[in-house]
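One structure is given here, and the rest of the page talks about it.
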Amino acid sequence: MGSVNESCDNYVEIFNKINYFFRDDQVINGTEYSPKEFGYFITFAYMLIILFGAIGNFLTIIVVILNPAMRTTRNFFILNLALSDFFVCIVTAPTTLYTVLYMFWPFSRTLCKIAGSLQGFNIFLSTFSIASIAVDRYVLIIFPTKRERQQNLSFCFFIMIWVISLILAVPLLQASDLTPVFVEPSCDLALYICHEQNEIWEKMIISKGTYTLAVLITQYAFPLFSLVFAYSRIAHRMKLRFANRNQNVTTNTNTSQRRRSVVERQRRTHLLLVCVVAVFAVAWLPLNVFHIFNTFELVNSFSVTTFSICHCLAMCSACLNPLIYAFFNHNFRIEFMHLFDRVGLRSLRVVIFGEQESLKKSMRTEFRSRGGCKTVTTAEPATFQRMNESMILSAMEQDEQL
């Protein structure tokens, strides 16, 4: 009996020694491990992503849900993005962090399958939501007076991104499974690895290579193309509008200060559009390239260190999206300040948004209370369309529609 217990203790000791990926011993039984310091670094990075990403997306969700005026078709896509990014931060990031830090899976087979597919679903939904926001903004410019058409297209976009996300997540649900590494019934010890099994992929209708390429196209290439196309067209419309305004300013007022204001606003708006595209492209490219190299065995072995860096960079997108689509949005900033005031965090509001933004918020609230916002309801169709487009572009200039 003593020898059995001693053997079990040895098994547990070996298990504890090889389970953690980041350690001082670089190679154990042919398995390469990463330095312990890198384990601390990657854990800290994931914790920051989880914390700030969850808070930023949660605030965005709360603002839209609690304020009826914010429940517009355009903000509906931002809400959808915030929901998907929130679950990326509280589900995908922690689960991946655990699989990066530890070799063996301590949970059930069902949780292994759910974790694999849910991680993919959240990522697909997040990136498709980003593309839908860009396309929705583009449609808003092309059909400024066709509100019913805009709503129908937006509804179609919403249904489409959920359906495609679910379809792309199904193969991950099938392929993810447990692989037994060590089973010792006498010690009640069983070690399993949760991963996508090549044997299951070979039995499926779609191969792993085909699936990886399909994900590269649908999750990265197509959304990136949508962002570049939509925002380049929007930027072109804005450029024409800025040129006309600058010409009018020069002709009528000849005021260099106002010209500089027009140029600065154009530069700031274009910079924001470029940032939207750049953040998506830079954040998701390394992870997609890694999956291509790993799937087609262009590298000798799977590197946990390389994967964790690529995945951590992709997760940064979930943190930056609330900044790009909400905190840089004028209407959202106003509502965030209202929210901070409502929960008694006025000092924090001033720290985050500054005195100038707080003053603008007070002036806007007073302006609304006096009935300063009016809507033009009668005009010739062509004139009304130009006015609508002009108002939309003006809103975008103030970062209200991105």
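Glycine too: its Cβ is placed from the backbone N, Cα and C atoms.
These features come from Swiss-Prot:
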- 1-45: topological domain 'Extracellular' (TOPO_DOM)
- ASN5: N-linked glycosylation site (CARBOHYD)
- ASN29: N-linked glycosylation site (CARBOHYD)
- 46-66: transmembrane segment (TRANSMEM)
- 67-85: topological domain 'Cytoplasmic' (TOPO_DOM)
- 86-106: transmembrane segment (TRANSMEM)
- 107-122: topological domain 'Extracellular' (TOPO_DOM)
- CYS112-CYS194: disulfide bond (DISULFID)
- 123-143: transmembrane segment (TRANSMEM)
- 144-152: topological domain 'Cytoplasmic' (TOPO_DOM)
- 153-173: transmembrane segment (TRANSMEM)
- 174-210: topological domain 'Extracellular' (TOPO_DOM)
- 211-231: transmembrane segment (TRANSMEM)
- 232-272: topological domain 'Cytoplasmic' (TOPO_DOM)
- 273-293: transmembrane segment (TRANSMEM)
- 294-306: topological domain 'Extracellular' (TOPO_DOM)
- 307-328: transmembrane segment (TRANSMEM)
- 329-402: topological domain 'Cytoplasmic' (TOPO_DOM)
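Proximity of distant same-chain residues to the transmembrane segment (211-231), defined by a Cβ-Cβ separation under 8 Å and at least 6 residues beyond the stretch ends, is recorded for 123-124, 127-128, 130-131, 134-135, 137-138, 164, 168, 171, 201, 273, 276-277, 280-281, 284-285, 288, 291-292, 295-296. At the 8 Å Cβ threshold, with sequence separation of at least 6, the transmembrane segment (86-106) lacks contact with the transmembrane segment (153-173), having fewer than 3 such pairs. Remote same-chain residues near the topological domain 'Extracellular' (174-210) are listed as 4, 7-8, 11-12, 15, 99, 103-105, 107, 109, 112-113, 115-117, 295-296 (criterion: CB distance under 8 Å, separation of at least six residues from the stretch ends). For the topological domain 'Cytoplasmic' (67-85), the model's average pLDDT works out to 87. Tertiary neighbourhood of the topological domain 'Extracellular' (107-122): same-chain residues 84, 87-88, 91-92, 95-96, 165-166, 168-170, 172-173, 175-178, 192, 194, 196, selected by CB-CB distance under 8 Å and a gap of 6+ residues from either end.
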